[in-house]
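As annotated by TrEMBL, Zn(2+) binding site applies to CYS131, CYS134, CYS167, CYS170.
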Amino acid sequence: MRSIFLLEELKLFQANELVTFINRLVDLITKNMLHSIEAEKSLEAKEIRPTAMRILIYKLLNKSNKALALSDLENAFSNSERTTLFRTLKTFEEKGVVHQIQDGSGILKYALCEPNCNCEFDRDLHLHFHCTICEDTVCLTDHKIPHINLPEGYKAEDANLVIKGICKKCNTV
Ligand SMILES: [Zn+2]
Ligand SMILES: [Zn+2]
Ligand SMILES: [Zn+2]
């Protein structure tokens, strides 16, 4: 009697586990689909045809909490051609989906722009932070590049203000 009871209990337990597992899976798939739809919409808003590859790259940039270099994309999409990845980044940059960051490491990095960014000098450009230990570079979007009065006749077109130091992650180790 006891063993049958145990068996029943086990079945019930497994059924519950299975339901939890399926729920988690559905949740994951739904989230992934939502992120894809979000990516598609964001690309279309910037007049970029949302191809499968572009959606994947957008999602990676969106998920990442640091600016990414071409080599990061190469690592993430090892089956893709380097030129395809590079061209996608260039398209994104031209259309204002990403902005380029020169953090002094000699490696160009890219990060997603804010939704209504036009990459305009006096309005949209923000500071960046580069960690000298882990080499990560992040956007400080709350800190816009301050207005600078240039000498007469000079016109600003672009700026790269990078603060160097130790990031929170490296500081707490
Ligand atoms: Zn921008
Ligand atoms: Zn760091
Ligand atoms: Zn940035």
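Cβ atoms here come from the backbone N, Cα and C positions, even for glycine.
Structural mapping of features recorded in TrEMBL.
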residue : record              : Cβ neighbours (10 Å)
CYS131  : Zn(2+) binding site : 20
CYS134  : Zn(2+) binding site : 13
CYS167  : Zn(2+) binding site : 18
CYS170  : Zn(2+) binding site : 14
(message) Name them in sequence order: residues not among CYS131, CYS134, CYS167, CYS170 whose Cβ is within 8 Å of the mean position of the Cβ atoms defining the Zn(2+) site.
(response) THR132, ILE133, GLU135, ASP136, ILE166, LYS168, LYS169, ASN171
(request) Could you tell me which of the binding-site residues CYS131, CYS134, CYS167, CYS170 have their C-beta within a distance under 6 angstroms of some atom of ligand 1? (result) none
(message) According to DSSP, collapsed to three classes, what secondary structure does CYS134 (Zn(2+) binding site) have?
(response) coil
